[in-house]
Structure formats: C-alpha cells, structure tokens
Amino acid sequence: MSLAHAAAEYMLSDALLPDRRGPRLKGLRLELPLDRLVKFVAVGFPLLLMSLAFAQEFSSGSPISCFSPSNFSARQAAYVDSSCWDSLVHHQQDDEPGRYQLKSLWPHKALPYSLLALAVAMYLPVLLWQYAAAPALSSDLLFIISELDKSYNRSIRLVQHMVKIRHKSSDPHVFWDELDKARTERYFEFPLLERYLACKQRSHSLVATYLLRNSLLLLFTSATYLYLGHFHLDVFFQKEFSCSVKTELLSNETYIPDLITCRLTSLSVFQIVSLSTIATYTLLVPVIIYNLTRLCRWDKRLLSIYEMLPAFDLLSRKMLGCPINDLNVILLFLRANISELISFSWLSVLCVLKDTTTQKHNIDTVVDFMTLLAGLEPSKPKHLTRQVSDENP
C-alpha cells in the first residue's frame with residue numbers, strides 16, 4: 001500500500017461518524033427555545049405572583065382594616081373585619097335616603113385564585129403539544145437524525161471503496177468510465193430520506209397542533225386583558241369602602257352604625273400584581289407572534305448544507321412549496337437539536353472548504369469533495385457533476 005493510499009484511508013476513517021445504535025438520543029428537545037421561554041414565563045410568573053399574594057396575606061393578617069366605633073370591644077372589631085372581608089361589598093349612598101348602590105369588590109379576594117387559574121390556562125397549550133404532537137415529533141426526529149448521519153457515513157464509506165478500487169485498477173480510464181456510469185444511473189443515491197421528507201410536506205398534523213398551541217396562548221392572553229380591564233380596573237383605585245354589618249340578628253341593634261368605613265391594606269399588592277401581569281404578557285405577545293411567523297419561511301441554510309448528501313436535493317429540485325406543513329416544523333426542531341446532528345458540523349466544514357475549491361472543480365456532493373481530498377481527482381470536471389433528474393422522487 002502506497003503512502004498516499006494509506007493517508008487517504010486514515011483521512012476517510014477519521015471522517016466517519018461514531019455508531020450510535022446503542023444508546024438512543026435522550027437529549028432531544030421537543031420544544032423550541034422560544035416556546036420554552038414562553039411556557040416558563042406564562043405559567044411561572046402567575047404562580048410566583050400567587051405565592052407573593054398568599055405570603056402577604058398570611059404575614060400581614062387581615063387584608064382590610066375597618067374603623068369600628070370606639071365603644072366596640074376587640075372581639076367586636078375583629079368580627080367587623082371578618083364580616084366585611086367575607087362580604088367585600090361597597091355601599092354607596094343613593095339619591096334616595098336610606099337606599100344604597102352596591103358594588104362588589106370580589107377581585108381583591110379572588111386575586112390569588114385568579115392567578116392560579118391563569119397559570120393552569122396557560123399550561124393547557126403545553127399539555128396539548130406534549131400529548132398530541134411530541135410523541136410523533138420525537139419519532140420523526142429520531143428517524144431523520146439517524147438517516148442524515150447514516151447518509152453521511154454511506155458517502156464516506158463509498159469514497160473508501162472507491163479509493164480501494166482505484167488503487168487496484170490497472171487502467172484508470174476504465175475506473176473513471178465506471179464511476180461516470182454509476183453517477184448517471186444514480187447508484188450513489190439513497191432516496192428513502194428525501195422521499196420521507198417530501199411526504200412530510202403533504203402532512204399537516206404537527207403544524208396544525210403548533211398553530212393551535214400558539215393561538216390558544218394568544219386567546220388566553222386576550223382573555224387576561226379583558227378580565228383585568230373589566231374587573232380589576234373598576235376597583236383599581238378604590239382604597240376605602242363602606243361596609244354594613246347590620247344583618248340577620250344585628251339588623252335591629254341601634255348601637256351599631258349603618259355603615260362602617262374599611263380600608264384595603266392590600267391595595268398596593270393588588271395594583272402591582274395587575275400592572276406586572278399586563279406588562280409581562282404584553283412582552284410575550286410579540287414572541288408568540290414571531291413563533292407563528294417562522295412557519296411562513298423555510299430554513300434553507302440547514303437544507304443547503306445537507307444538499308451535499310446524495311439524493312438530498314430538495315432545494316436544487318425546487319421541491320419546497322408552501323412552508324406551512326409538517327416538514328417546516330421538523331426543520332425548526334432539527335435546528336433546535338443541531339447538537340444531536342453530528343454530521344452537521346462535518347458538512348458545515350466541508351461546505352466552507354468547498355467554496356474555496358469550486359473555482360477549479362465542479363463539486364456538488366460530499367462524495368465529490370471527499371473523492372477530491374482522497375486524491376481521486378478526475379481528468380474532466382464532468383465526472384464530478386451530480387446528475388439531477390427533473391422528475392420528483
């Protein structure tokens with residue numbers, strides 16, 4: 001074996017990817033980074049505010065302070081505070097004497113529970129994605145990542161075999177004629193993955209679930225705005241309210257005044273929670289809309305790098321149509337799981353090196369480039385041109 005042949009063998013052996021048939025890919029990300037950010041903020045922020053609201057209520061005692069008459073004992077004053085907090089109704093004097101307009105202040109009492117309901121509502125789209133789309137997406141990603149790496153390895157092994165045949169061949173012209181025939185007949189191509197991806201363009205289950213998830217987030221965010229605007233804004237600036245404790249057995253007691261003034265000591269917490277909730281979800285809306293707009297364009301950089309693989313010419317054949325389909329969703333998640341694609345880093349390097357050599361050679365696939373690096377440079381550039389058929393696979 002010559003030194004050049006041995007060097008080519010070592011170089012090609014180093015280019016092979018390790019076999020990962022043992023442990024399965026356990027680190028697959030089944031949520032995009034921005035989706036994970038939206039989930040943590042949309043679900044975690046109301047839970048944090050709920051914890052703060054409960055902590056404030058337990059630490060400071062009663063969230064209201066009523067100005068009971070001076071002749072009331074401590075137990076009677078505590079009863080007034082408890083009764084007014086239970087009813088939480090503001091009595092406003094009407095035009096007619098002895099009649100009052102009632103205004104409920106229940107959003108103050110329901111604040112922690114409304115935050116809990118908001119967190120549960122925001123988690124429902126996450127559950128929808130996990131149970132409706134994540135299992136199928138995981139299966140697709142495992143298959144595609146495995147096939148992309150296998151296709152790269154097949155290309156390297158093919159070049160290794162070509163190096164051995166070229167070394168054993170006595171007539172180089174016969175070798176190049178057979179190589180040209182193999183390229184013409186597309187022997188080097190393995191169209192299973194390309195056909196699978198082409199079929200994913202006609203599938204819309206993943207993209208429909210993804211659209212539904214983000215649409216539900218926008219819907220629940222709009223419902224949050226309506227709730228805060230209709231209920232919280234009505235009581236947002238009311239610090240005091242008039243409470244009546246003359247009910248049932250106490251209705252005929254003359255020493256008890258008709259109305260007792262109470263102050264909402266937790267009003268500042270209520271205002272901070274309301275404003276921070278509006279601000280946080282307002283910041284999330286552009287992120288959710290951006291997630292939806294990514295479905296309207298293809299990630300052609302990822303596809304262009306894998307165009308170096310045989311029979312992976314979705315771009316050169318102009319097979320990409322409307323981007324709103326499952327294939328586009330899969331490409332987004334392939335980009336998010338780029339660390340699991342070992343072949344991506346190798347192909348990225350080869351693409352950079354290919355750009356520096358295309359002035360002398362017509363290089364289309366990784367087989368062409370590795371053949372050139374191995375020293376099997378053909379006498380005519382046409383032998384390195386990939387034969388592209390006009391028919392769809």
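Backbone N, Cα and C atoms are what each Cβ position is placed from, and that goes for glycine too.
What TrEMBL annotates here:
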type     : residues : note
CARBOHYD : Asn71    : N-linked glycosylation site
CARBOHYD : Asn252   : N-linked glycosylation site
TRANSMEM : 37-55    : transmembrane segment
TRANSMEM : 110-129  : transmembrane segment
TRANSMEM : 210-228  : transmembrane segment
TRANSMEM : 269-292  : transmembrane segment
Stretch in 37-55, 210-228, 269-292 most in contact with the transmembrane segment (110-129), if contact is a CB pair under 8 A: 37-55
Same-chain residues at least 6 beyond the ends of the transmembrane segment (269-292) whose Cβ lies under 8 Å from its Cβ atoms: 32, 34-35, 37-38, 41-42, 45-46, 49, 52-53, 56, 107-108, 111, 115, 118, 211, 214, 217-218, 221, 224-225, 228, 232, 236
For Asn71 (N-linked glycosylation site), the number of other Cβ atoms found within 10 Å of its own Cβ: 8
